[in-house]
Structures are given as C-alpha cells and as structure tokens.
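Quick look at what Swiss-Prot annotates:
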BINDING   64, 67, 90, 93  Zn(2+) 1 binding site
BINDING   80, 82, 106, 109  Zn(2+) 2 binding site
TRANSMEM  138-158  transmembrane segment
TRANSMEM  175-195  transmembrane segment
ZN_FING   56-116  zinc finger
C-alpha cells in the first residue's frame with residue numbers, strides 16, 4: 001500500500017486529478033486556499049481513500065497516518081515503533097490496510113502486529129466485484145452442470161437398458177459396445193466435474209487467503225502509553241517547526 005501527497009495551489013496542475021469525482025471535489029472546494037491532498041492505494045492499485053484538506057485547517061494534535069484525520073471520531077493508536085506524525089493510526093484504518101496488503105507488520109519499522117485473521121464467507125466471494133471472467137466461468141460451469149447431469153443420467157440409463165435388451169437376444173457385441181459407451185460417458189462426466197470443481201475451489205481459496213478480515217489485538221495499557229508518547233512527539237515537532245519559522 002502506498003500514499004501519494006501533493007499540494008494544490010491556485011492555478012497549479014498535478015497528476016492526481018484523473019478521476020471525475022476527484023475533479024468535482026476540487027471544483028466545489030475553496031480555490032482561494034491551498035489544499036493538502038492525500039490518496040491511499042493498495043498494492044493492486046485500488047484506491048482506498050482520498051483526503052482533501054485546506055492547509056490552514058490541519059489539526060495541531062496527532063493524526064492518523066492513513067486517513068490524516070484526528071482522534072475525534074475514533075481513538076488513535078500507536079501499535080508499532082514509528083514516532084512523530086507516522087506513529088499514530090486508527091484501528092479500523094490499520095485493519096483495512098493490513099487486509100488489503102495481506103501483511104501483518106508495519107511497512108516502515110517492520111514491527112509485527114498481533115492480529116487475528118478471519119476468513120470471509122462464500123457469499124462475499126460471489127458478491128465481490130473482482131475479475132468478471134471468473135464469475136462468468138463459474139456461471140457457465142453451473143449451467144453446464146445442471147444441463148449435463150440429467151442428460152448424462154438419462155443417456156447412461158438408456159445405454160444400459162439397450163445393452164440388457166441385446167443380451168436377451170444374444171447380441172453380445174452390441175451389448176458390450178453400449179456398456180463401453182456408458183463407461184466412457186460417465187468417465188468424461190466425472191473428470192469434467194472434478195476439474196471444474198477443483199478450478200473454482202482454487203479461485204475461492206486464493207480469494208479467501210488474500211481477503212481475510214483482520215482484527216488488530218492491542219492491550220489497553222500499551223495503547224495508552226504509546227498514545228501519550230506520540231502526542232508528546234507531535235508537540236515537539238510542532239514546537240521545532242515554529243522556532244524554525246521565527
């Protein structure tokens with residue numbers, strides 16, 4: 001997962017104004033003030049969030065390094081060894097980050113998180129707007145299975161019935177041919193069913209492995225301590241920047 005930052009000044013152009021929604025949000029904003037824009041994307045290129053803020057309205061306290069919001073709506077955590085403005089994060093933002101990147105460690109300080117991964121049900125896989133060819137293949141195979149299964153059963157029954165009739169009239173060659181045809185028919189049907197079932201099971205297993213629900217496990221005592229240190233670090237950084245400006 002990556003974050004891209006840019007500063008929008010009046011009359012300036014940059015590469016983050018590609019989508020129509022993004023342009024609309026910029027047009028509706030106050031163009032007389034510079035804006036701070038952050039886009040958070042996963043490794044597969046999927047846009048997770050876009051944050052647009054005026055530079056003059058940034059919070060003085062600690063903010064989430066993913067969504068760049070303060071701790072008013074949700075408590076900020078410091079689950080890793082990162083300090084300063086990169087040391088605090090929302091629990092839900094970090095869980096979404098870890099789920100999208102399919103990792104369990106901080107990509108900056110490489111601290112391992114204590115997480116619990118829960119697999120998602122099959123219904124979410126069917127509703128997932130992923131690759132459409134996989135869903136089309138699944139739909140076609142289900143239709144073929146519903147059509148071929150009764151057809152194979154009826155054909156096998158007719159072949160066995162014909163072989164029985166030929167045996168009664170001492171036509172052993174025709175009876176053996178019908179029995180061989182029945183065996184070949186059911187062999188092809190079983191092989192096709194097993195191959196199709198295995199293919200879709202592999203697709204579901206891969207999706208289930210990379211789309212798990214991540215729950216971050218952090219003790220309350222550690223949360224309180226790390227939040228205090230992160231807040232002090234942000235205050236020191238702000239104080240140092242004020243002295244530099246003066």
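Backbone N, Cα and C atoms are what each Cβ position is placed from, and that goes for glycine too.
In the three-state DSSP classification, residue 90 (Zn(2+) 1 binding site) falls within a strand.
In this structure, the C-alpha atom of residue 80 (Zn(2+) 2 binding site) lies 12 angstrom from that of residue 90 (Zn(2+) 1 binding site).
The CA atom of residue 93 (Zn(2+) 1 binding site) is located 16 Å away from the CA atom of residue 82 (Zn(2+) 2 binding site). Comparing Cβ neighbour counts within 10 Å across the binding-site residues 82, 90, 93, 106, 109, the minimum falls on 109. The average pLDDT for the zinc finger (56-116) in the predicted structure is 79.
Note on residue 80 (Zn(2+) 2 binding site): other Cβ atoms within 10 Å of its Cβ, all shown chains, come to 20. Rounded to a whole number, the C-alpha distance linking residue 90 (Zn(2+) 1 binding site) with residue 109 (Zn(2+) 2 binding site) is 17 angstrom. Other than 80, 82, 106, 109, the residues of this chain whose Cβ falls within 8 Å of the Cβ centroid of the Zn(2+) 2 site are, in sequence order, 79, 81, 86, 87, 108, 110, 111.
Residue density at residue 64 (Zn(2+) 1 binding site): 22 other Cβ atoms are found within 10 A of its Cβ, drawing on all protein chains shown. Rounded to a whole number, the distance between the Cα atoms of residue 109 (Zn(2+) 2 binding site) and residue 67 (Zn(2+) 1 binding site) is 19 Å. Take the mean position of the Cβ atoms of 64, 67, 90, 93, the recorded Zn(2+) 1 site; other residues of that chain with a Cβ within 8 Å of it are 65, 66, 68, 69, 74, 76, 89, 92, 94. Between the alpha carbons (Cα) of residue 106 (Zn(2+) 2 binding site) and residue 64 (Zn(2+) 1 binding site) lies a span of roughly 14 Å.
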